[in-house]
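Here's the structure, in structure tokens; my notes come after.
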Amino acid sequence: MNNTLIQPRTLSGFRDRLPQEAYAKASILEKVSEVFLSYGFMPIETPHLEYADILVKQGSEEIQKELYRFRDHGDRDVALRFDQTVPLARFITQHRHELIMPFKRYVIGNVFRGERAQKGRYREFTQCDFDFIGSDSLSCDAEILQVIYSSLSALGLQEFTIWVNHRDILNGIFAHFGLHENIESGLRIIDKLDKIGLDEVQKELQKELQITAEKAQEICKLVMIKQTSHYSEFFKEIAYLKDYNDALRKGLQDLESMFNILDDLELDISSCRINFSIARGLGYYTGIVYETTLNRLKSIGSVCSGGRYDNLTQSFSKERLSGVGASIGLDRLIAALMELGILELHGTAVRALLIVTNDAYFAFAHKIAEALRHSNVKAEVYPDAVKIKKSLGYANAKGHEFGIIIGDEEFQTKTLSVKNMTSGIQIEKVSFLHALQIIRNS
């Protein structure tokens, strides 16, 4: 018999969550789910594991390199999903006749990418996706922006920027320089801008697209255009670009129309800014694209991104179904909220800990705990009859707000002693209703 102990460890880029962080995550998911539901997005679920050909065709070259792909016990070529959008295309096509179009869905689950692990970036991470399928209307694109804004605001974030671009603008820029055949390569390089910087992007464009340094600089000059004034003034400033080609004209017109929709709705669009360098690395985007950064923590990257994908289902069906959506990167967002001091970690969700000094008092304690729960006060019972000091130490360490003590006198008189764990004030031998009032009024 081999008695060698196994070293407990996790793979690089994968991790456990302790109760405090797992509870914080659950709280965030509850809030964003409520936002999604309030806009009419309904939940769905798809498998973590898909046939590899379903994922490979839609993923970019970079994504395909990061795919967790293997042959299963049935010798099938399978892979772990790298996002929630490609499985959505398969889901929509497979269940087309069971769904009512236009279809609005949200999904929350883990995805996997074998990329380099770093702060706020993991190989297994949770995405919260929301999508609008079956409509070409730009009002859908505008609504996705609304949901991004509402979701982040619900989490207590105020200083963030939703960067917006259009794939046709980037397509038009490359076409303007005669690079029609190199658009995908060019977009992939532009998408690295935040990672490698402008100089390296210019060098890569020059090398991979086989163009002069001057042409690479001219491309980057256009790509670096960013909105700094009110959107109406900005579109006047860049109106000359509409004369370059049809792609640029359409991209600019779509963006302007969407901003007009947001303005007509009298929404606060000061946090929305146009940025021609937003490319989104996934190859299925065809229209407006989004990335969201936190103004006080730009280094962590985008916490919510997405865009329009009009051809995603073409790999599965001849029927054209357009879509637009976005995804909140929950792990990165949690890391940001913790660093900004917005997210507080709690050791427990329970407000009151019931403490007994004698095993004979447990039945009474559990009845009180159940009565508190029925009164919408979360409560639990300390499992051992030990010294009160030890039980209160546990309550303090876990973060309970109140210790409810049932000693000899309390049990005999069917009363409770309530200790506020923050102030240290203890009120002796009160009725259940009085104890409930103390907790509710705190």
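Just so you know, glycine gets a Cβ as well, placed from its N, Cα and C.
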Of the candidates Arg69, Arg71, Arg113, which one does TrEMBL list alongside Asp83, Gln84, Thr85, Gln127, Asp131, Arg280, Tyr284, Tyr285 as binding L-histidine?
Arg113
Say we define neighbours as other CB atoms within 10 Å of the CB. Which of the binding-site residues Thr85, Gln127 has the fewest?
Gln127
What is the number of other Cβ atoms found within 10 Å of the Cβ of Asp83 (L-histidine binding site)?
19
